[in-house]
Amino acid sequence: MPTSFTVVPVETQGEERQRDGQLREEEDEDNERDRGAGDGIARESSPFIDCAELGRGNMYEGKNMALFEEEMDSNPMVSSLLNKLANYTNLTQGVVEHEADEDSKRKEVKGPRMGTFIGVYLPCLQNILGVILFLRLTWIVGTAGVLESFIIVFMCCACTMLTAISMSAIATNGVVPAGGSYYMISRSLGPEFGGAVGLCFYLGTTFAGAMYILGTIEILLTYISPSAAIFKVADVGEETEAMLNNMRVYGTCIVILMAIVVFVGVKYVNKLALVFLACVILSIIAIYAGVIKTAFDPPDFPICLLGNRTLSKRNFDVCAKFTESNNETKTTPLWHLFCDSSLLNATCDDYFSLNNVTEIQGIPGIMSGVLTDNLWSAYSEKGSIIEKKDQPSVAGSEESKMGGLPYVFTDIMTYFTMLVGIYFPSVTGIMAGSNRSGDLKDAQKSIPTGTILAISTTSFIYLSCIVLFGACIEGVILRDKFGEAVNGNLVVGTLAWPSPWVIVIGSFFSTCGAGLQSLTGAPRLLQAIARDGIVPFIQIFGHGKANGEPTWALLLTVGICEIGILIASLDSVAPILSMFFLMCYMFVNLACAVQTLLRTPNWRPRFKYYHWTLSFLGMSLCLALMFICSWYYALIAMLIAGCIYKYIEYRGAEKEWGDGIRGLSLNAARYALLRVEDGPPHTKNWRPQLLVLLNLDNEQLVKHPRLLSFTSQLKAGKGLTIVGSVLQGIYLDKCTETQKAEENVKALMGVEKTKGFCQIVVSPNFRDGISYLIQSAGLGGMKHNTVLMAWPQSWKQAENRFSWKNFVDTVRETTAAQQALLVAKNIDLFPTNQERFTEGNIDVWWIVHDGGMLMLLPFLLRQHKVWRKCKMRIFTVAQMDDNSIQMKKDLQMFLYHLRLNAQVEVVEMFENDISAFTYEKTLMMEQRSQMLKQMQLSKNEREREAQLIHDKNTASRSAPAAEASVAAAVPEKVQMTWTKEKFVAEKHKNKDSNVSGFKDIFNMKPEWENLNQSNVRRMHTAVKLNGVVLNKSQHAQLVLLNMPGPPKNRKGDENYMEFLEVLTEGLDRVLLVRGSGREVITIYS
């Protein structure tokens, strides 16, 4: 059935709501009349509509959607969703993350938005073409030669073109709000990469502003008004230093002035952008017009050469040693510069005397064939004289001083990689279109088209200018950075038509505009990062004026820009910003490659002309260019980005943006899981992968937090840890409790620094829930191999849900699953992570071989600072037939091969008669068990009966008269738990007894003979071993003990608990260890 709906305009929504309210009231009245009418069936009897929610149901679109009323609470109608999308407006990145408050903030739709040409192409053109083209490109061509310059420009342009392709794919994969490259990288690679690269891009943009300002001052002081210099040249050789100081003073003034302009009104900057762009375009047109003019009428810019050396014409006009007038020979100002007097017989510079002064045309024209001379590079050291190749020259005396002579010197040492670093900023600016995505009519169409066209245009301009400069201008002029040989004119200006001033004025305004644009864009980028909240220490820069202008961010930007100004050299600042831009471009390519390779379902760019190989090529090219430009700057930039990355990872706010790095992690995890699925790990790689079973109280809080403390001490962040617990009930009824329990457990894991996963299982039966965890926790090869649990202290109390039956079944299941089991007794006495043992022992009682678990656990514990200062002692038990001396030697040798430091002791436990105490203990245990089996009572009645027996036993010890009444049912010596004092008292009771005491024992002997002899032997072992352990390890910080297995016959499970209780009586901290049946430690490397 076709559905028709109306998208309500924004400004009429309030009226629509009022009309909707009136209609709903009328519908309510109609519904009241309808109830009970017609067929007599009330409306609320419908299985889908609840009478209590009828009023709320009327909120929805009529009655057609009644079936979906429950879903509408959380999911909007399609019509509502489309209405929101139709009125979607791009908001400043970081101001509002989602569209939560858009309904209240939506305004009238703006006028016609910008298309591809105005919105993307021209801004990119303006940002790409700039200061380097006018001030340094001719110098790069002259120094590197046409061929190598072509390679430099081609590499840089290829880098930006590949980046633009990757950027187009990302930009067309959904709506890109304002924020440009930062938004794309952060949403594609995650907050850590986004923050790190976003801040690097911010620093790059800020230093670009410094570079443009330095270019502005260079044009002003070198080509427009040299007399405006504050620092004058006092001595020869101080020209460079004076120029740098002038740069610093003027640069500081201009950056403050520009900051005031940006602060007062950024709208004026945007309005002047077209004016600045027009200056750039006119200047380029003037260059091409000048090139065409040189074909038939080259301009007259003569160059004066002495031999093959270029002379600076700032201090003389006539290019000759002397002139003749009225048959009289007169020396020229040039003679005065090289000789000590104006006389013809004066002492002159040796090279000046030996070589002639010649004059050649600086711009011979495109038809002159000078291109062949300019094909090859002419790199030089700092302070070298610019010389013309193939020009005749006679070498003078090497002792002659160059300083003070009017030669044109090179100001810096030149080489290929340095030129790459200086040139690369001239191809940056490709993000200008994506930064304006909020103002575009169709961003997904305009950004790829406009950006790629702009790069193609600028690449053609740069490459053609290289060839044309090399074909039109003399090489010595090209290498003359500041135009000293052509009367201080801008070199590219000498080529322009109709006048060099077109280029000078155009480049001056274009650099001013570019500087203003940088000071406008950089604070907004910083503000976007700050408002995202991923870097806590810069959040203050998210604040600004009432209208949203980033005041604090502007102040920081001006401060960083001033650092670039104080460097004062355009050639030194350019490689710095090259690093930051290259790093940004590298991660744009990485983002595209990762998304493409992962094939995430949301990766559906409208721009189809991309491939992951192109992105990887662009990324590799960016990385190579970083190290080509300056390896130490590259390392510093990567270090800065790495520090920011780790800071965000450690302190930053957690954001889930569906980024590619998370997808990459999932893919890597899947690959690793498939790899480790092949089989069990080698013994050398074995470590306890723990499943920690926690008990929760009625408030879903952990009963024994120390169990997690012990886990972190045992694991130290290594391997797998799964913290599990069971809630009893039905999952549909326990959803809320499950979430609360999981939050509480995760919070405690964070406090205890337990790195791992949490898994809460809801089961109708507590016993089955534990079984589910043991069977199914983990995934693939990342499954637990060890279960850690606390000893059930109140196992004799039937109301304890983790009763002895559950405990014994858990022991059996871990054995069946071939998993190790660790049981911590008296867990609440175990140390926290903040405690430190300064002394003491970790005692290991090695009774049976369990695969080496007992040896490995103390070693792992002693890696943690809590147990680090404890010493390890190993005890083993020798029987009657064993050679205890040889056993000790063998054990010491075994530990030596295991590389474990431990004190070894062999304890001799000889066979002797079973004591009366053991028989009595066994008798009490069996009678208690028999009583509970015979009483077919309900659970509550059984609890009351056990308590009654306990009370009677207590009364029998205090009242001798009551002893006879209960003697037939229960012996007088029933004790639920034996302390050390009781144990010693009972053990030595026979020695202090009188003759009647012996008679009582003798009278009980027939009952002893009826005992299960297996239970008697087991109890005898528990009593004897407990006495030995108490004797040696009572004051140990931790005792590790082999845990005996449960009986095969399940009828004796409660006896098993009693054996373990007796075995560990009197010890503070005990860890019962039951191995998995496989070797976990080896002597081999």
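Including glycine, each Cβ sits where the backbone N, Cα and C put it.
According to TrEMBL, the feature region 'Disordered' maps to 1-43.
Annotation comment: TrEMBL describes 14-24 as compositional bias 'Basic and acidic residues'.
The annotation transmembrane segment is assigned in TrEMBL to 114-137 (among others).
TrEMBL lists 120-294 (among others) with the feature domain 'Amino acid permease/ SLC12A'.
Marked as transmembrane segment by TrEMBL: 149-172 (among others).
The transmembrane segment annotation in TrEMBL covers 193-214 (among others). Long-range contacts of the transmembrane segment (193-214) within the same chain, counting only residues at least 6 positions beyond its ends with a Cβ under 8 Å from a Cβ of the stretch, are 130-131, 181-182, 185-187, 247, 251, 254-255, 258, 425, 428, 511-512, 514-515, 518-519, 521-522, 525-526, 528-529, 532, 534-535, 538, 557, 560-565, 567-570, 573-574, 576-577, 579-581, 583-584, 587, 637, 640-642, 644-645, 648, 652, 657, 659, 661.
If you look up TrEMBL, you'll see 249-266 (among others) marked as transmembrane segment. Listed by sequence, the residues of this chain that lie at least six past the ends of the transmembrane segment (249-266) yet keep a Cβ under 8 A from its Cβ atoms are 209-210, 213-214, 216-217, 220-221, 230-231, 515-516, 519-520, 523, 549, 551, 554, 558, 561-562, 565-566, 568.
Sequence annotations record features per position, and here TrEMBL assigns transmembrane segment to 273-292 (among others).
The transmembrane segment annotation in TrEMBL covers 412-432 (among others).
Taken from TrEMBL, the feature domain 'Amino acid permease/ SLC12A' applies to 413-691 (among others).
Annotation comment: TrEMBL describes 452-478 (among others) as transmembrane segment.
The annotation transmembrane segment is assigned in TrEMBL to 498-516 (among others). Using a Cβ-Cβ cut-off under 8 Å and counting only residues 6 or more beyond its ends in the same chain, the transmembrane segment (498-516) has close neighbours at 126-127, 129-131, 134-135, 208-209, 212-213, 215-216, 219-220, 223-224, 254, 258, 261-262, 269, 272-273, 275-277, 279-280, 282-283, 286-287, 289, 489-490, 492.
Taken from TrEMBL, the feature transmembrane segment applies to 552-570 (among others).
The transmembrane segment annotation in TrEMBL covers 576-598 (among others).
What TrEMBL lists as transmembrane segment is 610-634 (among others).
Here TrEMBL flags 821-1085 as domain 'SLC12A transporter C-terminal'.
Highest Cβ contact count with the transmembrane segment (412-432) among the listed stretches 273-292, 452-478, 610-634 falls to 610-634 (criterion: pairs under 8 Å). Ranking 114-137, 273-292, 552-570, 576-598, 610-634 by CB pairs under 8 A with the transmembrane segment (149-172) puts 610-634 at the top. For the transmembrane segment (114-137), the list of distant contacts is 211-212, 215, 218-219, 273-274, 276-277, 280-281, 283-284, 422-423, 425-430, 432-433, 436, 439-442, 445-447, 449-451, 453-455, 457-458, 461-462, 465-466, 469, 481, 490, 492, 503, 506-507, 510-511, 513-514, 517, 570-571, 574: same-chain residues at least six beyond its ends, Cβ to Cβ under 8 Å.
Ranked by the number of CB pairs under 8 Å to the transmembrane segment (452-478), the listed stretches 273-292, 576-598, 610-634 are led by 273-292.
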